[in-house]
Structures are given as C-alpha cells and as structure tokens.
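Copied over from Swiss-Prot:
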type	residues	note
BINDING	Val79, Arg146, Asp358, Gly371	FAD binding site
ACT_SITE	Arg227	active site
Amino acid sequence: MVDKFLIETDQNEFQPNLWKNGDSDRLPNRCPETQLNVLVVGAGPSGLMTALECWRKGHNVVKILERSNSPVFTGDVIVIGPSALRAFRHWPDMCAELEKSKMDSIMYYRKHNGELILGPTSLGHNDPEYTAAWKGIPFAAPHQIRKDFYRMLLRQVARVGIRVEYGQRVEKYFDDEAAMLGGVITDQGTIMFADLVVAADANRTRSDLLIAGAHTPSRSSGMSVYRTAFPTERALQDEAFRTRWGDAIEKGISHHEFWMGPGMHLGLFISPEFVAFGLTPRDSFLHEGGNEPIESWEPDVDPEEVTKVLNRVPDWNPVIKSLVKNTQRGSIVHWPLLWRNLRREWTSKSGRVVQAGDAAHSSIPASISGGTLALEDAVTLASCLHLSCSSAGSKGAPLGARIYNLLRYQRVSCVQKMSFVNAEGLSGSSMEDAIKENPESVRVRFPRWLYRHDPEAYVYEKYGQAFAHLVEGTDFENTNLPPGHTFEPWTIEQIHKDMMAGKRVADFLDGDWS
C-alpha cells in the first residue's frame, strides 16, 4: 500500500450539528454584531481563520465555499510563527489543542556531506531571551503537524456554527455596486451575494479577473521541490536511517535538519510518527528527462529520479542517499516553486471583494512564513472590518477592506524578499565563508520584526492614520516592516537579474532585517 501525501476525508465530519457550539465558557467574548454579512471562498487555513476572526469581531459569516469535495489533508508540517499565534489566545479550545499537540524539535544545519555547521539550535523566536515575551500565547513550536492544525481549525469553525459547503467551485466573482454587494457564481450556476466576499481560494483565484483583469503571470523562482512524507516505521526499515536516528526516535525526540549543498538543499523532519523531506534544487540541477514540476499533488515521481538529482552534486552523505533511494515509489511530489509578482491592489473596484492568503500573495517554502502571513491576513481583515462597520454597518466594508490592503501589502512584500535570502543561504552560494566567519549566519531567518508583530493591535494603532490617508490623502507610514527600511516595490525579474550579476540578495536589504 502506497503512503498517500494527500488524504481526503468525509465532508460531513465537521458539520456544525455534530459539534458542541454556543458554550460561552469555551468561546471568545464576541464583539457586538456589526450587521456585516461575509461570504468566504476557500476552506484552507486563511479562509477558516478569516471566518473565525470575523465571527469573533461580530460579523455574520454566511458560509464558507470550498471547491474540494471534502477536507483534504497533507501529511507534512507547517510553520506558524508567534505573530499569527497571538490571535489564538482568544480561543480557549484551540489554545488547549495547541498546548496538547505542541512538538518541539532540535534543529541542525549540515553540509550535504554530513559535516555539522550549526546545532543543536532552534528558530530565532524561541531563543531564551525572547520566550518571556510569549506569555499568554500558545508555544510557537518549530512546526505544527499540518493535518492536526487544519483539523483544529475545522473543529472550531463547526463549534461557532459556521458551515463549510464542499464541492463548490467559484467560477466568477462580481461586484453589484448598485446593491452594495459582492457576489460569486459557482460552476453549478449558483449565484450568492454578501456585503463582503473574501477570496481565500489560493493562487489563480478567479477573483484576479475581477480585481486585476487577468491572472498574475507565473514566473519561475528558479527552484522546485521534491516532497514526501511517510510513517517513521517505514523509514526505520532502512538500516542507515535506523543507525543514525533510531535512538532519538525511541526517546521521542524530533529533529528538523537542513542539509545544504551547492545549488540545492534538503529539509528533513523526523518525528516518532512520521518522516518528511523536501529536496529543493535550483532548476539547473534537475535531472534531464525527469518529471517536469507541475502544480499538482499527484505523487508520481520515482525515487530514482530524486537520487539522480542528488548525484548532480558529489559527496552527499550516504544516509540521505539511502533515505531517498528507499522512499516508496508513488509517494513523491515534484512541485514547481512558481512566483507571482505581488500586486498592490487586493480589492475589487467597489471594495466588496477582497483577497487573503495565497490568493493575494504567493510564497515559497524558504520564507517559512506562508502560513503565518495567511493567518495575519485573517486577523487584520476582521479587525479592520470591525472598526469600519461598528458604526457604519455594512456600508463600511469597502473602506475596511482597503485599509487592510494598505496595512498588509508592504509587510508581505518584505517577507517575500526574505525568502530569497533564505533560499540563497540554504543552497550553499556563500556557505564556506559563512561557516568560517559565523556559523549562525546559515540559520534560516525568522527576524524580530516578523515574529514580534501583533496584527490585531497594529490595526487599532494604525487605523485612524490609514483612514486619513485613504480619505484625505495624508501621509502614511507602515511600521510593521524592518526598522529603517525604505520600501520599494520589486519583481522576481529584478531579483534574477541581480543574482545573474553576481550580487547576493542579502547585500541589498536596507534597514535592520535581523
């Protein structure tokens, strides 16, 4: 039996009637109703968290539409940073679940031949000097089990009585300015309206056509990823794996390791329950004649192909080669890391349709912030709508959506640029110098300005200034960016041009990105 990377489950498992809801002891204090009806499209983490935070802020979430026929779980990990986890302090059940399922892991950085560069260590936000600041919020583990985290969100959505309707693929978004409504048309011809429609249905969302007139063109980031996950008991059948990690697994210790070679890196997660790895080669290191990377979760890659990619760089440690070689056939996905240049506008002309999460901005794994940004979006949008609609009702929704866009655009752009710095370091472009001068420099960047951010507090701090900027044209400056940074828009084409000229991305980051 093949271990599936993608698992579909019963669409009725998380229907509200099956879950206890309305228990005031376990639900957040809800803000007074704003009379704003919100329709959410997309039942991924961004859409689910948007629905929850909108409910908490007093908005009426009509329903969530999801194109899949049931909840879909992938079998690996997700990183959620403290800035996103702050919102969970309002949700007792989810806080308890995060505490129960928290899983710390030891992090190591190694050369591809196994030589230790740095470790044991952790993500920067869990360094001892910072952990005191996280009192009252869930522990920001180096990772969350993606399936468990997703199921937690689905359960909470059910508890507050919000229904997810599956098998609802949205083919068109539209504005009805006369009626002051946004709307969607599904592939079944069903038309639905709401005061505000949140497009959280990932990249190539049809909301692009309404907001920008076309989908944002995909550009290669210059990288792709071979990705898989499988039970640890299967990995332990490999003698080399068992010899290296068997004792730690038996003691319940989890490892998160980065193996760094010229032109490629391998991220490896090992826990007592499952093993996951992602090999990220630059396109020039792909095996000629191998499977082209496509945006599909169909696991159709032979481990032999991945081994050939590894062999493009000599001296990989035998334990990594053995792990890849013995991965089960039909369990590896080859996913292209495509880039979509960030658009400034995330709202429709009327402001009644707004994008969130991957629908608004793409990310690559090296940012380790895609999930964090998606949840920050949700918290920010719901809070902006709270302020814009508390007195104006649904009429205030467009302004709230535009202020959300203003508060998020520059921050997201900075996080996106940081992902190229991480990818550059992990792929060994300056590894030798880094090892000699400062091993800490190879550490994946998870900077202070990113993880110290409180998206909800930021809305209440900046809303008045943002309002004046949009309505009266006064100056406005975001402060959720690297200190001292002067923001300028950028494109993937510019990044590639600079890299081709021999420049390092890290060298042209002004301000404090630490």
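The backbone N, Cα and C atoms fix where each Cβ goes, glycine too.
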Which same-chain residues, if any, lie at least 6 apart from Gly371 (FAD binding site) yet have Cβ under 8 Å of it: Pro45, Ile78, Val79, Ile80, Ala84
Cβ atoms near Arg146 (FAD binding site) (within 10 Å, other residues, all chains): 19
Cα-Cα distance linking the residue listed as 'active site' and Asp358 (FAD binding site), given in Å to the nearest integer: 19
For the FAD site built from Val79, Arg146, Asp358, Gly371, further residues of that chain with CB within 8 A of the site's CB center: Pro45, Ile78, Ile80, Gly370, Thr372, Ala374
Between Arg146 (FAD binding site) and the residue listed as 'active site', the C-alpha gap once rounded to whole angstrom: 14
Recorded FAD site residues Val79, Arg146, Asp358, Gly371, farthest C-alpha pair in Å: 16
